[in-house]
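**Q** Pulled these from TrEMBL:
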- GLY17, MET18, ASN19, GLY20, ALA21, GLY22, LYS23, SER24: ATP binding site (BINDING)
- ASP70, SER71, ARG72, THR73: GTP binding site (BINDING)
- 11-165: domain 'RapZ-like N-terminal' (DOMAIN)
- 176-294: domain 'RapZ C-terminal' (DOMAIN)
Amino acid sequence: MPRPASDDRQKIIIVTGMNGAGKSTALKILEDFGYEAVDNLPLSLLNRLLKTGLDSEHPEETRPIAVGVDSRTRAFSAPEFLRQVNALQARPDYDVTVLYFDCSDEGLNQRYSETRRRHPLAMDRPVQDGITREREIMAPLKASADFIYDTSGQTIHDLKRRLGVRYALQESSGLSINVMSFGFARGVPRDADLMFDVRFLRNPNYDPDLKNLTGREKAVADYVAADANFDPFFKRISDLVLFLLPLYHQEGKSYLTIACGCTGGRHRSVFVAETLGKVLEEKGYRANIIHRDATYGHPKE
């Protein structure tokens, strides 16, 4: 069993197991959790990677590391792998955990069939031959692993939830939310998950006293908020967003971008984005506010 983690030790997760069992997916999930992830790293370079992090100018800011190692890795040897892992685990400044990812033969065959890939250990033979050979090679690693994850019949979201129980870092375990204002005149943001068109609200651009201001300033905010449609509209979108956030988080989503657009991205969308961000923060969510077009020269809205 792994030793209890200490806050001042370098946290290292070594991800290994059967090809096709979800190791690369697990590394991407750990990267979302805040780990520095490196896949298919030759064992000879592992100590160099760790030493680089500890010798940085700000060692206290060194992120935990997740490293993928398997039978594809150059010069892979199960005995050498175990020797190096044992040496790392013996060091008092490292907190090392080995995760082994497995899957049934049926599940692995199905995944190889779906991706139309050959098994790396049986390039000119049936996939099952490669699976059988790999199980023989990897058996010592499975026997010595700290935790075994069987991904048979599991989805990516299932795996993310399972890994999150043990390995989600406190500061990165929640849903990362961006609330963005933008102008339709410069195109819609491609990474938006939710998008609200606020061009129906009264337009400050036609007031000469407000034209050169932005939605972050009180005069513009008051002007837009005075629209009779603003309150019922904003209540509906804020209720919708607050309803969806826990569902997105439960589904395994790590990032969410909520986009609010007006014509130029300077007045109405900025005010709505700022107001929505405040509501989210009041409800305990961290919201990063981005005004994509507010500083651009603005066209006639």
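One is the number of the first residue shown, and numbering goes on along the chain from there.
Positions of Cβ are set from backbone N, Cα and C atoms, glycine also.
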**Q** An 8 Å radius from the center of the ASP70, SER71, ARG72, THR73 Cβ atoms defines the neighbourhood of the GTP site; name the other residues of that chain inside it, in order.
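**A** Near the GTP site, the remaining chain residues are ASN19, ASN40, VAL69, PHE76, PRO120.
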**Q** Does SER24 (ATP binding site) have same-chain partners at least 6 apart in sequence with Cβ under 8 Å from its own Cβ, and which are they?
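**A** Within the chain, SER24 (ATP binding site) has Cβ neighbours under 8 Å at ASP39, GLY68.
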**Q** What does DSSP say about LYS23 (ATP binding site): helix, strand or coil?
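**A** Its secondary structure by DSSP: helix.
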**Q** What binding-site residues in the list ASP70, SER71, THR73 lie within 10 angstroms of MET18 (ATP binding site), counting C-alpha atoms?
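**A** Among ASP70, SER71, THR73, the ones whose Cα sits within 10 Å of that of MET18 (ATP binding site) are ASP70, SER71.
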**Q** C-alpha of GLY22 (ATP binding site) to C-alpha of SER71 (GTP binding site): distance in Å?
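**A** It is 14 Å, counting Cα to Cα.
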**Q** Compute the mean position of the Cβ atoms of GLY17, MET18, ASN19, GLY20, ALA21, GLY22, LYS23, SER24, which form the recorded ATP site, and then list in sequence order the other residues of that chain whose Cβ is within 8 Å of it.
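**A** Checked against the 8 Å cutoff, the neighbours are ASP70, PHE101, CYS103, THR151.
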**Q** Three-state secondary structure of ARG72 (GTP binding site) from DSSP?
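**A** The residue in question, ARG72 (GTP binding site), is coil (DSSP, three-state).
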**Q** Work out how many Å separate SER71 (GTP binding site) and ASN19 (ATP binding site) at their Cα atoms, rounded off.
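**A** Between the alpha carbons of SER71 (GTP binding site) and ASN19 (ATP binding site) there are 8 Å.
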**Q** Under the DSSP assignment, what numbers of helix, strand and coil residues are found in the domain 'RapZ C-terminal' (176-294)?
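**A** Secondary-structure composition of the domain 'RapZ C-terminal' (176-294): 51 helix, 25 strand, 43 coil.
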**Q** Which site among LYS23, ARG72 has the most other CB atoms no more than 10 Å from its CB, taking these as binding-site residues?
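**A** Neighbour-count leader: LYS23.
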**Q** Looking only at the domain 'RapZ-like N-terminal' (11-165), report the model's average pLDDT.
**A** 85
